[in-house]
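Annotation comment: Swiss-Prot describes R12, I13, N318 as NAD(+) binding site. The substrate binding site annotation in Swiss-Prot covers S154, C155, T156, R200, T213, K214, R236. Swiss-Prot lists C155 with the feature active site, nucleophile, giving sequence analysis as the kind of evidence. What Swiss-Prot records for H182 is site 'Activates thiol group during catalysis', and it gives sequence analysis as the kind of evidence.
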Amino acid sequence: MTVRVAINGFGRIGRNVVRALYESGRRAEITVVAINELADAAGMAHLLKYDTSHGRFAWEVRQERDQLFVGDDAIRVLHEHSLQSLPWRELGVDVVLDCTGVYGSREHGEAHIAAGAKKVLFSHPGSNDLDATVVYGVNQDQLRAEHRIVSNASCTTNCIIPVIKLLDDAYGIESGTVTTIHSAMHDQQVIDAYHPDLRRTRAASQSIIPVDTKLAAGITRFFPQFNDRFEAIAVRVPTINVTAIDLSVTVKKPVKANEVNLLLQKAAQGAFHGIVDYTELPLVSVDFNHDPHSAIVDGTQTRVSGAHLIKTLVWCDNEWGFANRMLDTTLAMATVAFR
């Protein structure tokens, strides 16, 4: 069957989901029937076609009245403020991809369900009372038909959780720290301007800016045994896409750097193929732009100190990789629900 999808919020992730759907050749499995976005349809069409990070979209894009066309495919455009007013029942929507970055509670999910959607997938971490939080490649097999309201976690969680799992399974993690080196985001300023977070009052292109992160909580959601044993900090840097994560863990078993690299390389070629990649090329952040993997391990940066402290550097395209995982999780939800 073809999963009928509606997208709520057509920002960075919403637009990349549409692009990834067409570029990955999965249109026989997923069709986008509607997009709800408060911005005007002409702007939606323009930003789908032309993207500073990802270039021109290969498909023809045009807008006619309340429809957006990608090639010959017509997508209904909505501008509803209220979730309760969305016509998901009328449109036969199977899964809503809520990409607003604003909604994430069970109440918000239930509003989509009340409007007629069968399932809801949030493109960001949700509240603890959601039916499931998925990092595709790690725990999607735990999805059940009764799971209606699901979170796809965050781009950084999708990046680091597979690597943590691999290291923990192999060597037994005792504790860890994570530093996220994240590209600038829309909640930062072009030039100095007011913001509740005083660090984010400063021009994004001129500084490395520390910001709050809930990544440690995201890690312990998947690995409760690490409660109070993982900490995370984050900085934003003056690039517009791609993120690096510096992961340091202490482990129970003694290990060498080449053994860590061999473990991660084999995983990239085997059980985590398509989710984790591995490289020893002398690459920089822009080289990972438009990479569909959740995580790319940079083997040249792996270090081991005292046989028990492992440091790794993991890259991800925080937009493109995550958009591809949204599609993967959508299909996983549909597979268990509609078979």
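Every residue gets a Cβ built from N, Cα and C, even glycine.
Here the features listed in Swiss-Prot are painted onto the structure.
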residue: R12; record: NAD(+) binding site; Cβ within 10 Å: 22
residue: S154; record: substrate binding site; Cβ within 10 Å: 22
residue: C155; record: substrate binding site; Cβ within 10 Å: 24
residue: T156; record: substrate binding site; Cβ within 10 Å: 27
residue: H182; record: site 'Activates thiol group during catalysis'; Cβ within 10 Å: 22
residue: R200; record: substrate binding site; Cβ within 10 Å: 19
residue: T213; record: substrate binding site; Cβ within 10 Å: 19
residue: K214; record: substrate binding site; Cβ within 10 Å: 14
residue: R236; record: substrate binding site; Cβ within 10 Å: 22
residue: N318; record: NAD(+) binding site; Cβ within 10 Å: 23
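Taking a C-beta cut-off of under 8 Å and a sequence gap of six or more, I13 (NAD(+) binding site) has these contacts in its own chain: C99, G101, S123, E319, F322, A323, M326. Among the residues R12, I13, N318 said to bind NAD(+), no two Cα atoms are farther apart than 10 Å. Summary of the NAD(+) site environment: with the site residues R12, I13, N318 set aside, the chain residues having Cβ atoms within 8 Å of the Cβ mean position are G11, N16, S123, C155, E319, F322, A323.
With S154, C155, T156, R200, T213, K214, R236 listed as the residues that bind substrate, the site has a largest C-alpha separation of 20 Å.
In this structure the C-alpha atoms belonging to C155 (substrate binding site) and N318 (NAD(+) binding site) are separated by 5 Å. Closest to K214 (substrate binding site) by Cα-Cα distance, out of the recorded positions R12, H182, N318, is H182.
T213 (substrate binding site) sits 11 Å from H182 (site 'Activates thiol group during catalysis'), taking the C-alpha atoms as the reference points.
When Cα-Cα distances from S154 (substrate binding site) are compared across the recorded positions R12, H182, N318, the shortest belongs to N318.
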